[in-house]
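TrEMBL has this to say about the protein:
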type	residues	note
DOMAIN	96-170	domain 'Cation-transporting P-type ATPase N-terminal'
TRANSMEM	142-170	transmembrane segment
TRANSMEM	182-201	transmembrane segment
TRANSMEM	337-357	transmembrane segment
TRANSMEM	391-414	transmembrane segment
TRANSMEM	811-829	transmembrane segment
TRANSMEM	835-855	transmembrane segment
TRANSMEM	948-966	transmembrane segment
TRANSMEM	978-1001	transmembrane segment
Amino acid sequence: MSASLQENISIFSLLNVPSTRSKPNKRWHFAFTAIYCSRTIYYLSKNAIRKKKGAKISPCPSFIILDINSGDNCFKINQASLTELVKKKNLDQFQKYGGISGVASAIETDIEAGINGSPQDIAHRSEAFGSNKYKKPPTKRFFYFVVESFKDLTIAILLGCAALSLGFGIKEHGLKEGWYDGGSIFVAVFLVIVVSAVSNYRQNRQFDKLSKVSNNIQIDAVRRGRRQQVSIFELVVGDVVCLNIGDQVPADGLFIDGHSFQIDESSMTGESDHVEVNHNQNPFLFSGTKVADGYGRMLVTSMGMNTTWGEMMSHISRDTNEQTPLQARLNKLTSSIGKVGLAVAFLVLVVLLVRYFTGNTQDENGNREFNSNKTKADDIVNAVVGFVADAITIVVVAIPEGLPLAVTLTLAYSMKRMMADQAMVRKLSACETMGSATTICTDKTGTLTMNQMKLTKFWLGQESMEQSTSSISPHVLELMKQGVAFNTTGSAYRANPEADYEFLGSPTEKAILSWAILDLEMDMEEQKQNCIILQVEAFNSLKKRSGVLIKKKLDKTVHVHWKGAAEMILTMCSSYYNASGIMKDLDDHEKSVFKQIIQGMAANSLRCIAFAHTQMSEEQYEEGMEENKLKENSLTLLGLVGIKDPCRPGVKRAVEDCQHAGVNIKMITGDNVFTARAIAIECGILKPGQDMFSGAVVEGEEFRNYTSEERMEKADKICVMARSSPLDKLLMVRCLKQKGHVVAVTGDGTNDAPALKEADIGLSMGIQGTEVAKESSDIVILDDNFASVATVLRWGRCVYNNIQKFIQFQLTVNVAALVINFVAAVSAGEVPLTAVQLLWVNLIMDTLGALALATEQPTKELMDKPPVGRTEPLITNIMWRNILAQALYQIAVLLTLQFKGESIFGVTEKVNDTLIFNTFVLCQVFNEFNARKLEKKNVFKGIHENKLFLGIIWITIVLQVLMVEFLKKFADTERLNWAQWVLCIGVAAITWPIGCVVKLIPVAQKPIFSYLN
């Protein structure tokens, strides 16, 4: 008895698992318990059999099947069933589960209040159903970018030159000293490859970071009865998500409720037709699709890798190898310079060979090098090899492999800095294109204004209700409350009666809701309990109004409520209520009075919204249901409200900066013409003297109805377009592009997508922008502020300007090196600068120069110049002037040293060659300062702010001292004394005054090469 009791106690203790244990430990515990119990049962049964000797028993299997479940997953449906339900659009299975309420119950979700949302609940759901993340393809490793760098044609040519130079050098001078030239080319190429690979690798990492930011969409979800914003990555199965026009469906799920709800599934199916979602035929929603119309709520059933979208995205990696227009132009320039270098090198080779074989060259003893009878074949081969090595050196110097590197560096640097300045670059080419922008078409709400709306005016009939709402007729007040409560996409939440309200929705909806609840004392819950919504016509930027059809539960009467742009709602009305609740006819005279009220509010920068209502008979309701349309005429005007949205503090200055930079600002808004004009004057887009008769202000419909010729003629004059539709914005962009403008457009709505795509630079809004708008844009303005648009313009110009600085610096070196080597080779039969020396110059020029000049920050001076435009050449007349002046000075000095240096300074040939090399390098160091400013005489302004530039200058000087003083054998140099160093520095320093003086020379506006056409 006691033994059996002990066994029972031990079994009970085994079954009783402490809650503190982790889930894997619990599973092992249950497995052990199952095995222990089965053995005990088997042992007891064996004893029983022994007692019954005559009994027979079938043999027991040698294994035990255990179904071990921790017991924690208390959901009545598993992930596989949910995934299959939506993926296969299995309507029969959906009905078997009991429809939306059955599925919600199975995953423990309250359709109205959402999930519990506690940390334990979220963790529990994440473990049972997974998280909303998908596997990403492995990121490209550093080695990938190294291999890609080797595929570059320039690098391939340089490696070929290095191999030839190495082979010829070893043959001519032996292995001990012959590897210097070829080896140095290999080192130089290796450094360019490493710097380029590091830059591309970092840029790829930057894109990955940006991708994380851009993919982190904020979703409206209901948890514990409260609507709140949740990151898309934090959603869990069971969440109730609220969706509006333009939103991305964040996960697979089922439709709960909504109105006029249509989905664009083109990203999944390729079909452009919108799909209607409803309870009966199609309640299924797919991750990655977009809401095309209406609004609704969905129940999340699958996410991450359990969705088709997740599977697709796990195989897609963002291509960061896109070539920008500037990179394409620079590759073309690099190719052209390389061809010139090849031609010069070939010419030098021919001249050297002709001089050698005609007996015009002498050896160290003054004897002719070539004598047809006496010269050995080996000596001839060695001489020819030396000439080929000289030609290869010229090719190496001529090819500017640093140009593409400079673009990569400056784009990567500017992208990183723009992110800090509230601009997220989605398309790399937009960085540089923005610098050429000539026109910016901007929205008003949220971009020029703060998007913090407050309802400040309320007109009932023709009376302003500023003091109190107590004098308003209860009937009219009730209709106003209905119009606000049901005709909205916003919501209000209060945790308890003492707590403050939280309002969610668009700024306009929040302003109206807060006014109705706090001033009119509207109870949202009470209103929703008294009426049923029958039909909704959702707001969009084309109609500029929204409507709702409701039925009162008490008397079964049907009512239509409309809300929208005041002058548009006014045209739909035939009567109005006054404050006493008396209905009056709305004739032409009364309409003109209301129009004056609307214009008065608009002139004070208020957004005017009207509310209208009508009661429908049973017959009218049935007719409307057949046509699936709400009644739009013979309405009764309930009231007008004016919403104030103040201008952003820094917007006027930003507009002035853009205008000063020669960029035309156009405001394209859906607001009425008076509000638009008032805001435009406040922001500085319009001058107070500019009125409607000058053509500066037009309405969208008027612009739309112009002929193509009229639009082209008037597009430049228009500063403000009011009551515009997205189509009007698209028309404006097309007109401006046809006229040769580089157009930037801001947009936030789904319907703005065509204009954002059509524009040269699409700028979407990070806060108010829909996902459709963001995907169509090139740059996302994270704070929705026009001042950030002006900052992007400044950065765009900075990118372009930095590239031009580097080109000027690079071409000066190229021209000087090519001419010096060519002249010396033709006249003296030898090249003054060796391969190692030229490659060191090349390294300063390409890698260090690119780093120094590509990371200059934008200055105010950039906004003093007119935009570059579409057709202006990359190398301007100003740049050619600077390049030729510096190159001619360097050529004159170095050729003088080449031919007269030994006699002037009384030095040996080796010291003279070192003087030439040292002076040439120091000229480039000093000229790097000149390259900082293409036009300004003061090249030192702001230099203390660019620590990288100063660091690179010091690194270059230190390395040059090492090359001359300590690496004599490798660099083929001789040590210089202090006087010789001072001489080199003095000669090089003259480049500063030359740079200053040459900027006084005026240049023609017309590009120099256009005269050749």
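In case you wondered, yes, glycine gets a Cβ from its N, Cα and C as well.
Here the domain 'Cation-transporting P-type ATPase N-terminal' (96-170) returns a mean pLDDT of 84 for the predicted model. Take the transmembrane segment (182-201) and the stretches 337-357, 391-414, 811-829, 835-855, 978-1001: counting Cβ pairs under 8 Å, 835-855 has the most. For the transmembrane segment (811-829), the most Cβ-contacting stretch among 142-170, 337-357, 948-966, 978-1001 is 337-357 (pairs under 8 Å). Residues in the domain 'Cation-transporting P-type ATPase N-terminal' (96-170) partition by DSSP class (helix H, G, I; strand E, B; coil) as 47 helix, 3 strand, 25 coil.
Non-local neighbours of the transmembrane segment (391-414) in the same chain are 152, 154-155, 157-158, 161, 164-165, 181, 185, 188, 192, 195-196, 199-200, 202-203, 206, 324, 326-327, 330-331, 333-334, 337-338, 340-342, 344-346, 348-349, 352, 428, 431-432, 795, 798-799, 802-803, 806-807, 810-811, 814, 817-818, 821-822, 831, 833-835, 838-839, 841-842, 845-847, 849-851, 853-855; each lies 6+ residues outside the stretch with a CB under 8 Å from one of its CB atoms. Within its own chain, the transmembrane segment (978-1001) is flanked in space by residues 881-882, 885-886, 889-890, 893, 905, 907, 911, 915, 918-919, 922-923, 925-927, 929-930, 935-937, 939, which lie at least six positions past its ends and keep a Cβ under 8 Å from the stretch.
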